[in-house]
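Quick notes on the structure that follows.
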Amino acid sequence: MINASTVSSRPRASIGNSGVSGSRMGFATLGRAPLRLGLNSRRITSRDLQIVEATDELLDAEVPELDGVASNVSLLRGFNATIPSADQSRSRRRQMRNVETPRIGLKKLGMNARGLLADEEDHEQQNMTSEDDVVVIPRNDPTHKKGKKRGRESLSTLKTLGKDELARQTKEIQRDKENIHVRRSLLNSEITEITNKIEALDTIRAKLEQDLLKLQEDELELDDELVGVKERLQFEQSNHHVQNTLAQPLHLPPSSRRRKGPAFLPSEHDELPPGVAFMTLDSHTTPITALDFSEPYGTLVTASQEDAQPRVWDLFSGTEIGRLRGHRGTIKCVQVEDHVCLTGGEDGNIRLWDLRRVDDDDDSWEGDLVSLSDVAEEEENSVDIESLGSRSTGIRSGTEVLTEGNACARLLEGHTKAVTALYFEDECLVTGASDKTLRQWDLTTGQCVMTMDILWAISHPPKSTSGNASQNHLFSGAAAAVGTFAVPTPPYADGSWEMYEDFVGGVQFWGYGLVSGSGDGAVRMWDMRTGQAHKTLLGHTAPVSCLQFDEIHIASGSLDKTIRIWDLRMGGIFETIQYDHGVTGLQFDTRKIIAATGENGVKIFNRTSMQHSTIFTNGHTKPVERLRYMDRYLVSGGRDSMVKIWSL
């Protein structure tokens, strides 16, 4: 588009005394050079350079515009439409329509009108004159008689514009309309650009809000880590004097259910992608009914339907260590703390196991029962040791007697139906069963110290009842005592369903405060000193299948497809999370809630950002039933008989 040439017929030679090597010189160098240059002995002046610009081509060329600017309007057209002189034609046409008339005092009328705004209603009949009004102009007509008035003449008849002027005004009006179209396009483009900027700012704001939520999560994580460090310090100080763990009698460790802070993990765990099941345990042949583990990469105990022998796994190697033999029915609930395990089954019994003896018990198990006479001789020759698990307990189940070599350290009998929920901490154990009772046990003696009747609590509700007090329970206390509790579960994601028979879905205590969730859909708070239910939380419309609580909140999951968060301070519902299927398992901390909700994936609810997510990569092929996690380590069991180990 720009052509340039030098008018010189002599051959080009190197520039002498210029300090520039080579024989090539660009136009940029010549443009910045002085007016006089020396090329050998000949001088080059500005006349030797003729730069021809293609002006017309440049004006007609399309100028690329940025996004958000009117692309159908050229730069020159937009400039002409927006300069102040574009309105000159309108002013000129307005002046052309002005008519020379005798002064009628319009300015005075306007000023008086501004001063008489309060008396506007009194002058509604007054005619305000404008340039388009028809005004009577008096004439000096001698034939006009006094006392008579002529008809009004229009102002437009007093002035003639002419054909050329009208044609000119027509072109001007069309050009003004085009200018308005151009301005409209420019304004719309500016509005679009502003809209895009607002959207960009909204995106930045959302990003900053996410960063703020991330900082809040980091703060909560640091709080948990600080609590975990303090707990670890107390633990190491209290266990500093213990030298040989295996030589010590069975010791009940503190509960890990309220343990906070990060867990100890192998360094290789950081290399695992989050949200992926990296290990599968597939020895079971029926759906998983219960599971729990001591710590990440520690000892895992799993149970399944129609299997009376829970399996013990080494999570570090993913191998099965052995089985816990003794129950005579399906295992409904499991809790593992360090090397201690408690199980509750359909036979109505609770067994306390020493997982350190599983190998020996598995090798020596021959299926024969120990005779009572052998146990009597053994007790006569043995030295009495008061520690738990250091001698034969003497507690019998039928003809079975617990011996020193058995991994089962204690057998607790008392419930008349299946034990469906249990929780122990220190030497205190609370169990819930389908006989519609809760029992408190002393693990040092194996004795039941208190029985809490749920049917009595249903028929005698406490005065402090939160939620919908007028809601209809699934059944009354009298109706529940008649037959066996059984309700159909909502269909799972794969369309399957089964009968739900666990009247007590979950129990947990802290100090003297006990919380239970039962088949009537109620969450009850009990005083373990009196055995009375002092508060009932109503809201669920189906059996409560799982629950957990901390210092502030209770989280309960139900077959009514919801998880309800209850505020312990106010006694009301703090939050309700809705799902598509019944909830069968949950666990929560200050940052998240992880739940099994009748789907193949594991649901995670972020309590800070209120966002839902699902992990299912290399996961279950049928709905998840049970789960348990610590820090970034999750174990889940499903209806596909598989146990999956996840990295969070």
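Cβ coordinates come from backbone N, Cα and C, glycine included.
Automatic prediction, not curation, is the source of TrEMBL annotations.
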Please identify the range among 144-175, 240-271 that TrEMBL labels region 'Disordered'.
240-271
For the repeat 'WD' (281-323), I need the partner stretch with the highest count of C-beta pairs below 8 angstroms, choosing only from 412-451, 537-576, 617-648.
617-648
Pull the DSSP breakdown for the repeat 'WD' (281-323) and write it out as helix, strand, coil residue counts.
0 helix, 22 strand, 21 coil
